[in-house]
Structures are given as C-alpha cells and as structure tokens.
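What TrEMBL annotates here:
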DOMAIN    36-319  domain 'Cation/H+ exchanger transmembrane'
TRANSMEM  56-77  transmembrane segment
TRANSMEM  89-111  transmembrane segment
TRANSMEM  123-143  transmembrane segment
TRANSMEM  163-192  transmembrane segment
TRANSMEM  240-263  transmembrane segment
TRANSMEM  270-290  transmembrane segment
TRANSMEM  302-324  transmembrane segment
DOMAIN    377-517  domain 'Cation/H(+) antiporter central'
DOMAIN    521-673  domain 'Cation/H(+) antiporter C-terminal'
Amino acid sequence: MFGACTHSSPRLSSQSSKTASCHCRDYRISLPFTLGIGTSCVLRGTIAKGVSQGPFLIFMGISLSITAFPVLARILAELKLLTTDVGQMAMSAAAINDVASWILLALAISLSGASNSPLISVWVLLCGTGFVLLCLVIGPPIFNWMDKRCAEGEPVDELYVCATLGAVLAAGFVTDTIGIHALFGAFVLGVLVPKEGPFSGALVVKVEDLVSGLFLPLYFVSSGLKTNIATIQGAQSWGLLVLVIFTSCFGKIVGTTLVSLLCKMPVQEAVMLGFLMNTKGLVELIVLNIGKDRGVLNDQTFSIIVLMALVTTFITTPIVVSVYKPAKLATTEYKHRMIERKDTSKQLRILTCFHSTRSLPTMINLIEASRGTAKKGLRVYAMHLMELSERSSAILMVHKARKNGLPFWKKREVSDSNQIVVVFETFEHLSKVSIRPTTAISPMNSMHEDIIAGAEGKRVAMIILPFHKRQRIDGHFVTTRDDLRHVNRRVLQHAPCSVGILVDRGLGGASHVSASNVDFQVTILFFGGHDDREALAYGMRMAEHPGINLLVVRFLVDPEVAGRSVTLDIDQTYSPEAQSKDEELLNDLKHKLSKNSSIKYEEKLVKDAAGTTELIRAYKRCNLFLVGRMSEGQVVLALDIKSDCPELGPLGNLLTFSEFSTTASVLVVQQYQSELSQDSINSLKDGELTEGNSDSD
C-alpha cells in the first residue's frame, strides 16, 4: 500500500562495471508516514485540539512522507544527475511516492467531508475508484490515437490540444463533484497522457507559459497569504516546529538510506538518495492547502508544516553537493591535444560550440575551411549550448539530450527533427567532413563542465567557442549575455586541449559557402610564442583547402630600436627555446611556399606600438584573422591595449575595437599547456574585475 514496488537496483560505484540487483519492496514512504502519525498525536494534544482524528492523522502522514516530484527533477537537472543511475532511481521512487500520496490524499479528503456518516466516505471512495477505472479504460486509447496522428516535426492540430485541456477541466469538475478534489482528477488525466512524441511536447509548450508564469506564482502567493508566522509563538510552538522538521528529515533520510543499503547500494549514494527524497515543494503545498480548506489544519499547524517544507527543500541542494562527490571520468590520455604536431597525417578533431543559430553559417564555413585534405580528414563535434531554464519543457529536453549525466552525441543512424541537427547532417552529406552533433543543457555556472568533458571524452585538439558579443549593423559589438563570457573564461582556464574564441563578423556571408565556391583570405599576425604557433599551425592546415589564400605576417623589432627596447618589461616566458620552436615552424612554412602558391609570407620591422597598429590596419581587407591569445616578445608588449575582454588578448582586442574598421572575423587561439603561464591566468582573473564595464560601442 505504501509505495511498494519491485525493481532492480544497479550498484552505482564507478569502480565496477557490474551491477548487483535485488528484489526488495520500497518502504521509503512507510517510516516517515508512521512518524507523521506519531507527530500528529503530539500536535493534537497541544495546538490542534478538537480536529477530526482520522483525516488529521492521514494529512500529517502525507505531509511528512511526500516527495515533491517537480522540485526534485529541477534539482537533479541542475546538478546534472537527472539521467544518471542515482537520478533515475530517485525520480522513479519519487513518482511512486507521489502516486501513493495522491491515493492517501483522496482517502483523507473523503474522510474529512462535512458529513460524519461513514457511508458517505465509503461512497466517495467507491465513486473515486470508479472514476479512476473509467479513465484507465477510456483515456489511453484516445490519447494514443491523438499521438499517432501527430507527425514528428509537424505542427500539432489545435483541436487535440483543446480537447485534452477540456478533458482535464471535466475530470477536475467530476472529482470535485464526487467530493475528492478537482486536482485529483487533473492529476489522474495527466498521468495517462503519453510522455513521448510530438503530442506531449506540443501540450507542454502550449500550457507551460500560462501555468508557470501566471497560475503557479499566484498559487504560491495564495499559500503565502495563508501562512501566518506570527502564530508560532513561545517555546512550545518553536519546539513543535523543530520536532516536525526532525521527524520529517529522520523518516525520509533514514528510511530511504536503509532500503537503499538493503539493495546493496554504496553508502554515499544511499545517503544522497535519502536527502533527495526529503525534497518538498509544490505537491506539499497542495496537500497543505487542501487540508486547511477542509478545516483539518489550523493556522498554527499550517504555518509549522509550511516552514518545514521550506527548510527541507532549501537544505537539499547544498547537502547533496557536499555529500555526493561522483567519481570523475577517467582522464583520457591522448597525444594530440593541440593542432601543432609533428605528424600532421593524423585525423584532426575539433569541438565547436554555439548558443544560437545566428552563428551557424560562420561556424560551418570555418569548418569547411579547416577540413584540409580528404586523406587526413576532419571530425567535428558540434555542441549546442543551452541554458537550463525554468520551463517545464527543459526537463523533458534534458532527458533527450543527456545520457548517464553527460551530453548525448547523436549517431548517424539516429533520426532527429531538430533543425540544428538537420543542418549539420545536410552539411556532412555535401562535404567531406564527419560531424557529430549534441545538445548540452545545463546552468550557466556549470556549462563549461559539459564542454570540457565533451572535449576530453572525444579527444579533440581544439575547442572553438563563440564570442560573448555580437556585431551590430554599425560595426559595434554589444553583449548578448554576460554569462557567456564567464563560460569562455572557465574553458580557457581548464580546457584539456587548445581553445579558440571566434569573433563572428559573417565569415562567408549569411549562408553556407559550398566547397567549390570557397574563396577566403586568411591572415595570421605572428609575433611569437606558443599561442601564435598554434594559430600558424591551424592556418597551415587551412591552406591545404584549394579555396583558401593564407598570408602570414611576422612582426620583428627594428634593429635600430632593439637596443633601447631592453628597458621594457620583457616577458620571461619567451625563452630561447620558445624562439627556437618559432623558427622551426616558420622554416616549415617557408618550405611549403614553393609547393603551395596560395601561401604568402612577409616580415615587417616595427619601431613602436603606433607603427605596429598602422601596419596591422593595412591587412584589414581579409576574411579571417588568426591570432594567438597571449603573443610573446617585445613587440606585442608595447601594444598595451586595455579592454573589458582580456580573454581575447591584446591582438584580439585590437581587432575587435570599433575604431578598427574591418569585416574580417577573428579567431583568437590559445595553445594547450599543462599549466598556463601566470600572465595568461592573470588576464583571466582581470576579466572578473571588468565585468561591470560597458560594451565597446
């Protein structure tokens, strides 16, 4: 009766791939329900004298044993545990818990009727049971028929949506007439609606804005107005509040932990599951409001239980984060963490990230320009970054987009109606590039974890991130979302490979340029250092494309002023060894000049920062600039460019200034280093101090 189920429980330890199953009855609701009945006896003897005993016992038992399914789903999604084994187990247990609680709630409502006759209560229960059976017989065939008539990717007929909403209102009216509650009828019908397919998705989209944006806040306001904290006065009232909170936490946490340990779950996961099951929220408020409307709960009891629900919900996330520390994925050891390499015959793997369809044309044209020769090949992993919103549909999207807690990479044989996936599939068929798309749905403060995990899992050599600003028609940049800057900065600091930040000015226009029509001028500004070498290595690969013309411009200090430049604060990381690697790569480039007429190399002598800037302006007529994030040497130190985007480095900031009139996109490259230089780390920290700065417009 109390949420019993038979299930197989996998051992969640990351150290073993085997699973241990047990067939046990889930009594996660039994212990807290029993303790709730015991607590109700204490309350009836103190602050709830004179209330009907039967309904009060059941309402208190439900209040202390219920788990808020929607709130739990939101917490699991934010912690990226929704699609893990422990998350799925928590959701399954919460669903069974909710069903049992609704059945008990129907019993409590029938017992709390105005009439004291037991026959009336029996009649209400029989009518409620008949209503449920009728819905089970009629509902599924009708909903399945509607679902089959809704094609994937096509708009859903409004008649089906209106009919479903009308049926929900009718079900609520019937159960309210019976004497249970209107919410019970709506809940039963909602359980029967298919959870997969276009019909359920369209239904959620149609109603979630109205429900989440209007009805739900109004319901919480109504509950808040009914809560009178002033009624909790004196040592007795506060003592009862502590008792209720302790009883609720002890019953759910201990009960769930014991059952989980019997199912041979590790202690850490068992304790975490106990705290997750202790989550209260919307469903708890529904129970409490019904109890108060029926006169079962007085003002003081209602306020005490509302505060208990708030406390238990607020402590869930921080405790789960501190208790549950999932074993990190084994670090994948792979050699090619950067584009610069001795053996260039190996396949190049790149992870491209984007937030909206606005940047797709530029991203696809960049991929086309990077494919190199057909023999070597390029594999691209395209990650659509989406913020976990407060919308109900976001939870459904997480289920489809994540697997085992990580973004799910779609295989070729998996069909998908997502327009972004279709775009990449079409491009793959028209080009010689292998593309695997995925969608990463997570909060902004942890989105970088998905990017880093995806890069490491797929052993990519470079991550390409979109710039957090977009260009207006007048050429000025405006911030789309400031959170995106934080994501880029965290990826730069913790990435397992090289990173590029793409400043989009429309590479190739607003549409994809076919391979035969590619005609791009790529300019590399080379000053020296590992980041510049990575940009040069990337450019040399681009030059293998027949439609790419590569120009490499090396900036050197004029010998006339070299002697006076020693007074500058020269970067000590630009060692003779780094200079030697620069010369080695440049010699390789010069060797290719005779074989590839599309590559040009120039050397420019500069005397000061102003002269360097003017020389750079002379190369503004190109399609793409490739620059290192932290260029090294005397020349770049003299630039000393101040900006609110230090993650772009001095050259990246110069090329994105509104005064620097150019239509060329910019790719700022940071080469992978096991440990970033102190200057690089400091520049990322400087970005935190300039978050409040205005945009460069």
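Placement of Cβ uses the backbone N, Cα and C atoms for every residue, glycine included.
When Cβ-Cβ distances below 8 Å are used as the criterion, the transmembrane segment (123-143) is approached by residues 106-107, 109-110, 113, 164, 171, 174-175, 178-180, 184-185, 188-189, 192-194, 199 of the same chain, each at least six residues removed from its ends. Helix, strand and coil content of the domain 'Cation/H(+) antiporter central' (377-517), in residues and according to DSSP, is 52 helix, 40 strand, 49 coil. Long-range Cβ contacts of the transmembrane segment (163-192) within its own chain (Cβ-Cβ under 8 Å, at least 6 residues beyond either end) map to 99, 102, 105-106, 109-110, 113, 120, 124, 127-128, 131-132, 135-136, 139-140, 143, 146, 203, 207, 286, 290. Averaged across the domain 'Cation/H(+) antiporter C-terminal' (521-673), the predicted model reaches a pLDDT of 81.
Long-range neighbours of the transmembrane segment (240-263) within the same chain, counting only residues 6 or more positions beyond its ends whose Cβ lies under 8 Å from a Cβ of the stretch, are 9, 22, 24, 26-36, 38-39, 42-43, 46-47, 63-65, 67, 93, 232, 269-271, 273-275, 277-278, 280, 304-305, 307-308, 311-312.
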